[in-house]
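Notes follow the structure.
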Amino acid sequence: MPTVDEVLAHVGEFNFFQKQTFLLLALLSASFPPIYVGIVFLGLTPEHRCRSPGVAQLSRRCGWSPAEELNLTVPGPGPAGEAFPRQCLSYEVDWNRSGLDCVDPLAGLAANRSLLPLGPCGHGWVYDTPGSSIVTEFNLVCANSWMLDLVQAAVNVGFFVGSMGIGYIADRFGRKLCLLLTILINATSGVLMAVAPTYPWVLLFRLVQGLVSKAGWVIGYILMTEFVGLSYRRTVGIAYQVAFTVGLLVLAGAAYVLPHWRWLQFAVTLPNFCFLLYYWCVPESPRWLLSQNRHAEAMQVMRHISRKNGKATPAALQCLRPDEEVGEKLNPSFLDLVRTPQIRKHTLILMYNWFTGSVLYQGLIMHMGLAGSNVYLDFFYSALVEFPAALLIVITIDRIGRRYPWAGSNMVAGAACLASVFIPEDLQWLRVTVACLGRMGITMAYEMVCLVNAELYPTFIRNLGVLVCSSMCDIGGILTPFLVYRLTGIWQELPLVIFAAVGLVAGGLVLLLPETRGQTLPETIEEVENLRRPRRNKEKKIYLPVKKQDIPLN
């Protein structure tokens, strides 16, 4: 009885049908970045200052330029380490009084401006931007700036909850139905967010998008890998993540063309409705159909694949069976992830690396939006380096192995973050170069942990291990906006120092894991416990031929 992989070897492992399906699902992957890191543009925080009644009229009467108005009526930046008085405080002065001088309106009120009382912005803010963002529309600055952190945290809470439930839903009701449902909910909630009248509604619809968007991305990944042959799965998985990088580039261009956040949200959301056409274009996974004992439907899908690929349908298709036939049913438990020494070590190190990957990847992108340079170009350049990151993974993973490229990429990311702290602002080209190097390193590390996680667990707890460890990715995403946006209020480079420490530690911990290159996937806990790092002295053994005495059988 042939398996799906054996039938695909005859009808085509990566022919016309698989290429067509990959292109369709790659579009789904490219639509995910606006939700994952779109906060950089949707929540862009421009230069701002308190709105003071009467200042505009005084400026017109005196004929001030915008720069003169700023210097004469707004407090200075304040001492080093103090939180931005220019943006969050204003002089407690009645600017409508008639005795104010045009040359120096505050000279008659105090001998030194620093003696004038300052108060919070009671009449809103003035934003120096031609567009708009969630920040400018709902005044998410100063005392309310934590509310912007909450928007991105809500997305990651949705990722966490949605990912925990997606395995059951996709296994119970099928990949295709689950995919179409997540697409519909994601597109609808995205449009509702674009027309949301108040901040709580924006937060709610962003949370809903988080619940289904990552789940839909994962289902697309699962579907694609289940349609292709065994020898193409890793390459297709990396290419699926490259499509995500293409989405980053498109997002940067769309944000530049559409500086108003509502129009940008419409532009990145409406194409999702087109993915509902996949109902007619993408069939259900034959592997899932076989697991549900729906053999007739599975054979129909395989005939469709062979017809699309221009191949003859093999006669053995009638005897199609699942790829894995389980004899003794083992019930996985969370305790199995920490019960034995080696698996416990794998679990802790993998959880930390998932957490690190999310914090550094999202954190570097968010910090870029606060750096004060051209956020669109910086975002675009840093996204470009993800292409060589994927290429390096393809080149090194089967030649050098997993451990050293993975550990090195974490260390490069951490070292780049640390180096950025000491580069002066006037060397902008060097700052961008080092930032791109760090982005390439953490992209490699992030993709490597996705590939290696499943190779370090035995079969019966493999899915559970990946699910539990990767959940730390979403926990890191929840904490990241608070780390970035709160710590920059203390010191602009403080998040980079933390990122450097976290990345360097992650690289060191990876070296404690065993090398899995060329190893078959472990089936039992005993096989995982026997995995060890290669030792040099074992490679220096000398084997001598020994001549055995021939003994007659009779």
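We count from 1, first residue shown onward.
Using N, Cα and C of the backbone, Cβ positions are placed for all residues, glycine too.
Some features that TrEMBL has for this protein:
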- 22-44: transmembrane segment (TRANSMEM)
- 100-518: domain 'Major facilitator superfamily (MFS) profile' (DOMAIN)
- 150-170: transmembrane segment (TRANSMEM)
- 177-197: transmembrane segment (TRANSMEM)
- 203-224: transmembrane segment (TRANSMEM)
- 236-257: transmembrane segment (TRANSMEM)
- 263-282: transmembrane segment (TRANSMEM)
- 349-367: transmembrane segment (TRANSMEM)
- 379-397: transmembrane segment (TRANSMEM)
- 404-423: transmembrane segment (TRANSMEM)
- 429-452: transmembrane segment (TRANSMEM)
- 464-484: transmembrane segment (TRANSMEM)
- 496-513: transmembrane segment (TRANSMEM)
For the domain 'Major facilitator superfamily (MFS) profile' (100-518), report the average pLDDT of the model, please.
87
State the residues, same chain only, that lie 6 or more residues beyond the ends of the transmembrane segment (203-224) and have a CB under 8 A from a CB inside it; answer 'none' if no residue qualifies.
21-22, 25, 28-29, 32, 35-36, 150-151, 154-159, 161-163, 165-166, 169-170, 175-176, 178-179, 181-183, 185-186, 189-190, 192-193, 196, 236-237, 240, 282, 285
Candidates 150-170, 236-257, 349-367, 464-484; stretch with most C-beta pairs under 8 Å toward the transmembrane segment (22-44):
236-257
